[in-house]
Structures are given as C-alpha cells and as structure tokens.
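Enquirer: Please find one structure pasted underneath; my questions will follow.
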Amino acid sequence: MSLLLQLSAWVVFAATWAGLRDEERLQQPRRGILALWCVVAVPSLLQFAVAGMLESGRRESAAILAGQWWRLVTSMVLQDGGWYGTAFNLVTLAFTLLLVQPVVRTGVAVVLFLVGGVVGNVLTVLTFGDTGAGNSMATMFLAVTALALAKDRGPRRLVAFGVVAALAVVMLVLGDVHGLALTAALVVAAALAIVNR
C-alpha cells in the first residue's frame, strides 16, 4: 500500500470529519452499518485462507471487458495490500461508517458505497486499466458524498470539498486510480447538494 494512498485516505477522512463534526456525536453502529462492514471484512480476511480467491475476484480490465463483470463488485470485498493494506482499509471503512452514520440512512450508505466502488472500478478499467482490489475507492466515495447530505452548509464543508478536490487533482496527475473515485464523488456530491437545497 503506497504512502500516497495512506495519506489520501486520511486526508479524505479528516476533511469529512471536519465537514460533519457538528452533525451529531458518533453513535453506536446500526445493524445495517455493521452488516456492510462485515460483508467487506469477511471475504477480505477469508482471502488469506482460500488460495486463488483474490486472483479470481480482483479487478482485471481484460477479464472484465471479456464479460467477467462481477469483478467490478467482488474486487470491493477483497484486498490486494496484504495484511497491512487489509487492516488499513477495514479500519478506515469502520471509522468512515461511524462518521457518516448520523448523516445518511443505512440503505443510502450501502448504495453510495456500492455505487462508489463500481463507478471507481469502471472508470479504472476504462482509463488506467490497473489490476487491483480493495474497498478504498468505495469508502472515499461514501465519505465525500455524505458531506453533501449534511445539514450544515457552512464554510467548513466548502473547505472540506476544496481539500478533496485538490487531492483528486493531485492523484489524477500522479496516475492514482483513487483520483477517479474522488472526482466521481465530487460530481455526485455536487448533484446531491443541489437537489437537497
């Protein structure tokens, strides 16, 4: 797992926290939020015991373009960063889910997570073509779009969006696929902010 990815994940998390911190205090996780985390965590951990699981479910552009479309989803519940990357992604997802829980209903969180992961994977297949797996793009997408659903429309939220936009540009310039997911999240967040006026 690259240092850039680690830093970017925490920048997105910090920006989201800054934009949402007045919404409510962290709550005990709802069952649906916990279930989403488990749906990602169980296969992510199981892949270390089941030979070939990562290879058969990760994002591979050639395989997806040949009709193995399920990889757009299965790659979100597998991790290609070894034990460290898996732990990092699962902890980041857990904190993000707790952070956005006061702002988005469980069903909305699940939809945003899935849409973010699939859109990030589709954009990756169509542009960079990188092979990979992990929930980081879906988690970042969820965090950024949750900002648009917050009740507070103050300057902190605008600063948070600005930080995420700057990070997206840097990541795109450096050729990091996470920049695609952040850009998509910003577009969806802008649409959600307009609709929720």
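Cβ coordinates come from backbone N, Cα and C, glycine included.
Got these off TrEMBL a minute ago, pasting:
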type	residues	note
TRANSMEM	34-54	transmembrane segment
TRANSMEM	83-100	transmembrane segment
TRANSMEM	107-126	transmembrane segment
TRANSMEM	132-150	transmembrane segment
TRANSMEM	157-174	transmembrane segment
TRANSMEM	180-196	transmembrane segment
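Are these features on the surface or tucked inside, and what touches them?
Expert: For the transmembrane segment (34-54), same-chain residues at least 6 beyond its ends with a Cβ under 8 Å from one of its own Cβ atoms are 74, 76-80, 83, 86, 89-90, 93-94, 97, 106, 109-110, 113, 133, 135.
For the transmembrane segment (107-126), same-chain residues at least 6 beyond its ends with a Cβ under 8 Å from one of its own Cβ atoms are 32-33, 36, 59, 61, 64-65, 71-73, 75-76, 97, 100-101, 132, 135, 137-142, 145-146, 149, 177-178, 180-181, 184-185, 188.
Among residues of the same chain six or more beyond the transmembrane segment (132-150), those with a C-beta under 8 A of the stretch's C-beta atoms are 5, 8-9, 12-13, 15-16, 19-20, 23, 40, 44, 54, 57-59, 75-81, 85, 89-90, 92-93, 96-97, 99-100, 103-104, 108-109, 112-117, 119-121, 124, 157, 160-161, 164, 177-178, 180-182, 184-186, 188-193, 196.
With a threshold of 8 Å between CB atoms, the same-chain residues lying at least 6 positions outside the transmembrane segment (157-174) that come near it are 4, 8, 11-12, 15-16, 18-19, 144, 147, 150, 180, 182-183, 185-186, 189.
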Enquirer: Go through the chain and flag residues at least 6 beyond the ends of the transmembrane segment (83-100) whose CB is under 8 A from any CB in it; none is fine as an answer.
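Expert: Same-chain contacts beyond the ends: 1, 6, 9-10, 13, 16-17, 20, 26-27, 29, 33, 36-37, 40-41, 44-45, 48, 109, 134-136, 139, 142-143, 146.
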